[in-house]
Amino acid sequence: MPFLFVSGTGTGVGKTFSTAVLVRYLADQGHDVLPVKLVQTGELPGEGDIFNIERLTGIAGEEFARFKDPLAPNLAARREGVEPIQFDQIISWLRGFDDPDRIIVVEGAGGLLVRLGEDFTLADVASALNAPLVIVTSTGLGSLNAAELSVEAANRRGLTVLGVLGGSIPQNPDLATMLNLEEFERVTGVPFWGALPEGLSRVEGFVEKQSFPALDAFKKPPAR
């Protein structure tokens with residue numbers, strides 16, 4: 001059962017839309033894909049990232065936990081006065097979707113080192129499952145540093161970063177953004193997969209024109 005983890009250089013970088021694009025791309029390649037959101041914070045019932053992914057892709061997903069306040073998950077649980085997420089619980093939950101022909105696409109919360117529980121991060125979960133990563137980055141001024149730090153943190157933990165993806169690029173990018181697009185691959189040392197246009201409201205049509213060769217490494221499902 002292969003996993004693919006999607007993390008960001010921070011919050012609000014376009015991680016959910018990027019996850020939707022990757023989910024739809026894999027599904028269009030004939031894979032059985034399950035999108036998963038580990039922890040949602042600061043959203044009302046029936047709202048949030050996993051519901052946005054379903055709206056964008058038509059593929060329903062699963063969510064492990066949610067908290068009321070828009071905070072890091074461990075802080076949100078603490079403030080709410082509830083038991084923090086336990087590492088063994090989240091690993092067991094993910095492994096419960098066991099199916100050798102399914103790809104589980106896991107969207108994190110914020111960045112790679114955000115605490116999901118009091119003593120573990122998304123990086124720890126990805127490492128336990130031997131899962132590769134896609135890092136979603138902003139594209140404007142300051143983004144090169146954030147992307148390089150995220151890839152370096154992943155590499156130091158023995159994680160494989162398949163690529164860096166720009167979560168959103170404006171229709172009329174400024175000079176810093178245009179130069180960053182040329183630099184991401186050089187400074188991070190991993191393939192840069194381009195950037196998603198700002199304001200896209202659906203992934204169908206857009207995904208058909210994209211190519212993510214690194215994802216082709218996932219075993220193709222048998223013909224039916």
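Any Cβ shown, glycine's included, is placed from N, Cα and C.
Feature annotation from Swiss-Prot assigns active site to K37. Listed in sequence order, G48, D49, I50, I53, G61, E62, E63, F64, V106, E107 are the same-chain residues six or more apart from K37 (active site) with CB atoms under 8 A from its CB.
Long-range neighbours of K15 (ATP binding site) (same chain, six or more residues apart, CB within less than 8 Å of its CB): V6, S7, G8, D49, E107, G108, V136, G167. Annotated ATP binding site per Swiss-Prot: 12-17, N52, 107-110, 167-168, 197-199, E204, in sequence order.
In the three-state DSSP classification, E107 (Mg(2+) binding site) falls within a strand. Feature annotation from Swiss-Prot assigns Mg(2+) binding site to T16, N52, E107; the stated evidence is sequence analysis.
Its Cβ taken as reference, T41 (substrate binding site) is surrounded by 21 other Cβ atoms within 10 Å in the chains shown. Annotated substrate binding site per Swiss-Prot: T41, in sequence order.
There are 24 other Cβ atoms within 10 Å of the Cβ belonging to A109 (ATP binding site).
Comparing the binding-site residues G12, G199 on other C-beta atoms within 10 angstroms of each C-beta gives the minimum for G199.
In terms of C-alpha distance, the listed binding-site residues T41, N52, A109, S168, G199 place N52 closest to T16 (Mg(2+) binding site).
For the Mg(2+) site, the Cβ centre of T16, N52, E107 serves as reference, and the other residues of the chain with Cβ at most 8 Å from it are K15, F17, T19, A20, P35, K37, G48, D49, I50, I53. Listed binding-site residues: T16, N52, S168; maximum Cβ neighbour count within 10 Å falls on T16. Under DSSP, K37 (active site) is assigned to a strand (E or B) in the three-state scheme.
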